[in-house]
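Colleague: Input: one structure, supplied below.
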Amino acid sequence: ATLDDVKGRGELICGVNTGLTGFGAPDANGNYQGFDVAMCKALAAAVLGDASKVKYIPTTGETRFTALASGEVDVLVRNSTWTFMRDVDLKFDFVAVNYYDGQGFMVKKDLGVSSAKELDGATVCIQTGTTTELNLADFFKANNMSYTPVTVADDSEGQRQYLAGACDAYTTDASGLAASRASMPDAENHIILPEIISKEPLGPLVRHGDNQWGDVVRWTYYALVAAEEYGVNKANIEEVASTTQNPEVKRLLGVEGELGEKLGLDKEWAKRAIAAVGNYGEIFEANIGSGTPIGLARGLNALWTQGGLQYAPPFR
Amino acid sequence: MQEQLVFVRNQMLPPEAPPPGQKGIARWMRENLFSGPMNSALTLLGLLAVVWLALHVLPWLMHSVWNANSLNECRQIIQDRWGEGATGACWAMVRERWHQYLYGFYPQDMYWRPNLALLLLFAALAPVLFSSLPRKMLWITALYPATGFWLLWGGTIWAPVVAMMGFVVLWLVFTVLQPRLGVPVSAGIGVVAAAVWWMVLQAPMTDALQSLAPLRIRAVDSRDFGGFLLSFVIGVTAISASLPMGILLALGRKSDMLLVRTLSVGFIEFIRGVPLITLLFTASLLLQYFLPPETNFDIILRVIILVTFFAAAYIAEVIRGGLAALPRGQYEAADALGLDYWQAQRLIIMPQALKISIPGIVSSFIGLFKDTTLVAFVGLNDPLKGITQIVRADINWKGIYWEPYIFAGALFFLICFGMSRYSMWLERKLKTDHR
Amino acid sequence: MAEHAIDRSKMKVSDEVAVQITQMNKWYGQFHVLRDVNMTVHKGERIVICGPSGSGKSTLIRCINRLEEHQSGQIIVDGTELTNDLKNIDKVRSEVGMVFQHFNLFPHLTILENCTLAPIWVRKVPKKEAEETAMHFLRKVKIPEQANKYPGQLSGGQQQRVAIARSLCMKPRIMLFDEPTSALDPEMIKEVLDTMIELAEEGMTMLCVTHEMGFAQAVANRVVFMDQGQIVEQNEPREFFNNPQSERTKLFLSQILGH
Amino acid sequence: MAEHAIDRSKMKVSDEVAVQITQMNKWYGQFHVLRDVNMTVHKGERIVICGPSGSGKSTLIRCINRLEEHQSGQIIVDGTELTNDLKNIDKVRSEVGMVFQHFNLFPHLTILENCTLAPIWVRKVPKKEAEETAMHFLRKVKIPEQANKYPGQLSGGQQQRVAIARSLCMKPRIMLFDEPTSALDPEMIKEVLDTMIELAEEGMTMLCVTHEMGFAQAVANRVVFMDQGQIVEQNEPREFFNNPQSERTKLFLSQILGH
Amino acid sequence: MAFVQDAPKDSFRLSMLIYDTRYRSLTIQVVVLILFMLFLSWLLNNTIQNLAAKDRTFDFGFLLSRAGYDINQRLVEYTNDSTHARAAFIGLLNTLLSAVVGCILATIIGVVVGVLRLSNNWLVSRLMTVYVEMFRNVPVLLWILLAATILSETTPNPRDFRVTPEMQAAGEAPKATMLFGIIAVTNRGTDIPEPKFCVGKPREECDADPNEGGLGIIDLGIFKVSLNLLALLVVFGGSIFATRRLKRQADATQDATGVRPVTWWKNLLILVLPSAALLWALGLHFVVPELKGFNFAGGITVLHSFTALTLALALYTAAFIAEIVRAGIMAISRGQSEAAAALGLRPARTMRLVILPQALRVIIPPLISQYLNLTKNTSLAIAVSYMDLRGTLGGITLNQTGKELECMLLMMGIYLTISLIISSCMNIFNRAVRLKER
Ligand SMILES: Nc1ncnc2c1ncn2[C@@H]1O[C@H](COP(=O)(O)OP(=O)(O)OP(=O)(O)O)[C@@H](O)[C@H]1O
Ligand SMILES: Nc1ncnc2c1ncn2[C@@H]1O[C@H](COP(=O)(O)OP(=O)(O)OP(=O)(O)O)[C@@H](O)[C@H]1O
Ligand SMILES: [Mg+2]
Ligand SMILES: [Mg+2]
């Protein structure tokens, strides 16, 4: 089973993006950073007790699913959309949704367009190898509009083409659009159109059939969400662990109960994960939140208590 | 008539200088630049092209910035220095990231290891390329695969040592059996023995030796290889591993056994008939279907294997050319002396054919080296696209286009141009050598 | 050579001038190859040019049909002066045949096509006629049966004879030979020389660079000795060989006849 | 050749059979090259084979050490029949030396290495011993001083002598020569022939394709004349040259002695 | 004469399998065959096991299902409702288009550069050397990326062509104008006029019709045939046939009289007139691209991804072709042109009758292998996202369906077929022109 493999190996192999700003990319020293990467780190901390015991395998749109299917990676955290076909036909398990995204459009302000419905006849830049091209086709068809797709291989290429004016609109997940916009010298000249034309639940996925490993990934993720719900964060985790009276938090942090053992891990798995990368909110803020150049609002990804969709099932 | 016929010159005329218009810069210009209306037009066109290019590229190059932390900072500096609307090159990116272009994510404190490996590579190549060096140096060449591997990947020294011992086993088995069973059979048994060694004894042996004498350096994961280091590793490994395979394929293609010939031709034509990129995708997408379930190894290794196949098909054709250039007499003389097929190949034919093929092998290497950039498409960090993509994913450098391409392109040019000059020199030298 | 008696009676030399070279100089860059060359060739003359290697023999002969340009002096071939005028050059070339050391047959054409190419395209002779002429000359050089083979299928001697036939097909008034036998095996030299002797017997004006002294004695009516780009001595063959005047000629002859 | 008196006394012919060819036929595709060849060579015989070009001389001699395969009939060399059996072929080849028209030395090996290669790898002689033998034979062909040069640095004659020495190093019982002198300049022919004569004087069994009739008269004890793949005439040399029987032989001799 | 009679009679022994030259090769081949079969069955077995383990099937049925994505360059009709097979076909056509255009361009550039490199103009030959070395020694991928970048960075936006009423009022000119008023180079592509046909209808009506008008088209189900094109092909074929006849006549006249009649203007007329007449009859006119909305409409858009890929491949390959051409011409010894000159042939004729026929034999085989390389290199379209075979079948289709094995095998098979066709052409050529030698 994968869990045993990971433990035996002493290293978690995590499939990530070859480079997507804010979500996963190596920095000048070769250290991977980003929202998706933090998930890998949390997992490593939970399973192996050390957040740095991760090997990152950059995967492209074409190679990602094969890498997971062939066992080259243990888990794929690479902003992949959860779809029926991928889940059922390609035989993967999407264990959770760590980012609710949707496909949007970015256009230059001076184009004078304020709605995606006005894009009839436009040239649209779009990444290949994703679900976006299907959504795009469907959207234009549904609105009885025509368009010219300009397919691009990766985000940086898409941004380049868009900036150069090779397309009128750039479409990808709204988070990606925001990241791109943030890095532009004249961010104020670009707007993201209000229409979100698709649901893009992004999340980590594992191979079908290895339910134990799937559970580990799923609950590690929910531990991070739950931590936010209960106000547990990197800074106060030790203090909370020793003082909390909330039985659920106790169970979460391994003070009480044996949730960890049930997963095949130890008591403090979730505590380690939270201590290593912080809770969901912290991860969000550190990598893509409004404090970063990317500046994404929480939106759908706020906790359910704050009008979002992030919701951790009970730890019991 | 007879009188006028006879002529004897008593005084020899000294040589004279050519008439005016036959020398000097004016003549050179007239002959080389303006020797006709057509030529003059061409010259002017050429000049125009050069000037146009200079006008467009020079200002950009002149406005270079070397010190900045992000693209925006670069743009700011350029505007401050050369005024609103000026454009310029932002080499600060190269300054910050050059090590990734050269070494990928290889740990920075261990750059000496790939450097040393490269130096040793030259030492190992020297005796092959310069026949004047002492033959003893060939030992460096023979040991290089192990040392090079160990330096680059690190880990215990015993792993490569034990692996090399597998070759020793192969050789021992071969030499013991060969007089009785002939070359093909004993080579086959040798390979089987070596395979057994590697599969059964390699791991325990390594561990035992390691515990006896713990000699190890820090291990580096092949995922950390990138940039030109990756290109060199793939290129050099594939070319050297493809040589034996290419020789066998070339011999197979020349064989008079129909089946052997068909298989060789089939392999060569198949590999040469499909684009390298599909082979790379095979490495990353299809190999998992063809290998036994649960086998799983490094994508770099898989890529190297497929690239080796690719190179082998081309090397086989190069060597076939070398074989064709050998006169028939060499085969006949070897036969007449009573040498058998393999002895003749090893002692007479191959040494000569390989020598003739060296320029072809070098140009295959250049081609392959350039093609290693394609590994970007299976998610490896090649120096051109892979690393550039990573750099551009950094929010600081998002939006930089020309500089990374120019930098990587210039390095490629230097390396490839150097090698192609070298191979031309070799070709000339080989032509004047023997025969 | 001595096998069949050469009929010198037919080899009449007329008074008409075929080639007239006056004060001709030529440089290759700074190098003065031909110095003040003066030479008059009459119709029907057979001139053999010899001299040490590099003395400018080939250059001289190649100037005569303007394969090389001369820089000063005058060359008049059959009444036409060689200048930069293309028409004159064309005229001269179609009247002067040339045979090279390395045959220079066109390997992609059959023997017959080699021979008819120039007549058809330069002289505008109908194909049929050109072929007849070609066969006539091929018969003369004794290889009519090879007409439909390719040059690569012939021996060196045969190729050189084809080259001669090819020149003859243009019905030239003057033939130039540049060491026609020196790339040939000994057995083949004879067949080529025989062809040339036959040509001489028919009264062709010939300038021939060769070191075949037997040929010179048998056929030439004048031997020209060149050294360092100048004509050092010229004489009637018997006199030239038996009684050379200049020191250089003596030295050269002693070397060449020595072996 | 006539310079030094050839000592025919040593050239004894024994009764033992060295090569026995019976009813041998060979085809190249549809082309019948050798037709019903019968020939017996005794130990110590020196046989010269001559005939027009394309008559199958080379093919015959190459069949004897199986460089070419024959299709019917029998060839027995030193008691071993040449069949498809590799062992027999190896055995025959190590007992029969062969010298080619174009020397076929190995250009990437020194002269000494050329000579020791086969003894070391085929006869499994220790290297030291092989080198001594090689030097002995190099001395015999009078070029011991060239031992460490490469073939490309030697003249044609020297190369051919090395080729002879190379064959001798295998201590063959029979030597085959295929026009050993025809690729050589005249001056060099003599040095090679001298070496061969010496070999003959020592009693080596030799089959030699050559057109050097002087050599044949001096050394051979039998001359075989072939035409169109068949042996047309064979005789003792003096008789063969002075009194040829067949018309073809006469024609051939007249041509070859003609020039 | 003692006759040695110990020759063993042929009776089969086991050792003959190894030592007898007749059986030996048979033995080896049988062993090789067995090993090869074992290897094959091992591969097959693995594949079957792996497929089973992943619970996948091996079938090409997905090719007939709806593709669902759009392709921006299509030579024949395609919508996102078409099948994956059709998408792959579009991709194949795009690959072939890029390869064919690339080969033609590369040949033209390569020949010009190769000849100029031999020219005695110092400056030009140096420039050409720089060009050749630059392109040969840098990965082709870089040239593709650079070409794409240059094309989209240095060309104007479609909006820059727009003339707004305010601008008109102020008398300002738009930032960019169309070349010759008919070609618009924007940073998306090059818009060129589209030929349209029109018979018996007002032009406006024809232009409104998305089909090309004229004689119309026949729908054969899988694909459609344009009758206009067909008619044009027939007429042009006829013209070519006629020029052939004319050439043969000229040859005959030359053979008979020695003088070759001047035919070039007749040829020109025969080639141009009938086709022109037909086109006129079909009502050929060009619809000039016009700025409508975001983009130019009405013309044909040549995408920059196509231009960049094709141009970069052509320039890269041309560098190699230039070397081949140079080597080919230099391989023809000076003696050949001297001999021709000595026979009185003019330089142009020498080139045509003597040098070229020989040089072509040397040039064409490596030239064709360069074509092969270029064709294979079109798979680098991935770098600029041109929708070639790899982009459709091996890209989006593979991604959407997850049928890696099927897609990759099919794709390799197609590439292999193309390569084999090209190289067999080369073999036929080689055999046809081999010089006869002794
Ligand atoms: N194209 C050239 N450029 C420069 N120098 C040349 C050229 N051709 C010939 N030469 C030089 O001119 C001199 C005369 O050459 P030429 O070929 O006429 O000599 P030759 O008498 O025919 O000698 P050979 O007997 O070797 O043919 C030689 O020194 C030669 O090196
Ligand atoms: N490999 C071959 N395939 C087909 N025909 C061949 C082959 N080798 C030789 N021949 C033909 O066989 C005939 C005999 O050839 P062989 O070389 O034995 O003649 P030869 O007597 O040695 O002639 P030469 O004096 O020219 O060497 C010739 O007609 C030749 O064309
Ligand atoms: Mg000369
Ligand atoms: Mg022969």
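Placement of Cβ uses the backbone N, Cα and C atoms for every residue, glycine included.
All TrEMBL annotations are machine predictions without curation.
Residues annotated as domain 'ABC transmembrane type-1' in TrEMBL: B:228-423. The transmembrane segment feature in TrEMBL is assigned to B:41-61, B:111-130, B:150-174, B:181-200, B:228-251, B:263-287, B:299-319, B:356-380, B:400-419.
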Colleague: When you scan the chain for residues with a C-beta under 8 Å from the transmembrane segment (B:228-251), skipping those not six or more beyond its ends, what do you find?
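Modeller: Counting only partners 6 or more residues beyond its ends, the transmembrane segment (B:228-251) has Cβ contacts under 8 Å with 101-104, 106, 114, 118, 121, 145, 152, 264, 267-268, 300, 303-304, 307-320, 323, 345, 350, 354, 361, 364-365, 368-369, 372-373, 375, 380-383, 411, 415.
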Colleague: Under an 8 Å Cβ to Cβ limit, what residues of the same chain, 6 or more beyond the ends of the transmembrane segment (B:299-319), are close to it?
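Modeller: Residues 222-223, 225, 230, 233-234, 237-239, 241-243, 245-247, 249-250, 253, 264, 267-268, 271-272, 276, 279-280, 282-284, 287, 353-354, 357, 360-361, 364, 367-368, 371-372, 375, 378-380.
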Colleague: Residues sitting near the transmembrane segment (B:400-419): Cβ under 8 Å, six or more positions beyond its termini, same chain?
Modeller: 71, 89-91, 93-94, 98, 101, 228, 362, 365-366, 369-370, 383-384, 387-388, 391-392
Colleague: Report, as numbers and ranges, every residue of the chain located at least six residues beyond the transmembrane segment (B:150-174) whose Cβ falls under 8 Å of a Cβ in that stretch; write 'none' if there are none.
Modeller: 110, 113-114, 116-117, 120, 143, 186-187, 189-191, 193-194, 197-198, 201-202, 205-206, 209-210, 213-220, 222, 225, 233
Colleague: Residues of the same chain, at least six outside the transmembrane segment (B:111-130), with any C-beta under 8 angstroms of its C-beta?
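Modeller: Counting only partners 6 or more residues beyond its ends, the transmembrane segment (B:111-130) has Cβ contacts under 8 Å with 99, 103, 137-138, 140-141, 144, 147-148, 151-152, 154, 217, 220, 229, 232, 236, 358, 426.
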Colleague: Report, as numbers and ranges, which residues of the same chain sit near the transmembrane segment (B:181-200): CB under 8 Å and 6 or more residues beyond its ends.
Modeller: 163, 165-167, 169-171, 173-174, 340-342
Colleague: For the transmembrane segment (B:356-380), what are the same-chain contacts with Cβ under 8 Å, counting residues 6+ beyond its ends?
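Modeller: Sequence-distant neighbours of the transmembrane segment (B:356-380): 129, 226, 230-232, 234-235, 238-239, 243, 276-277, 280-281, 283-284, 299-300, 303, 307, 310-311, 314-315, 318-319, 321-322, 325-326, 386, 389, 412, 415-416, 419-420, 422-424, 426-427, 430.
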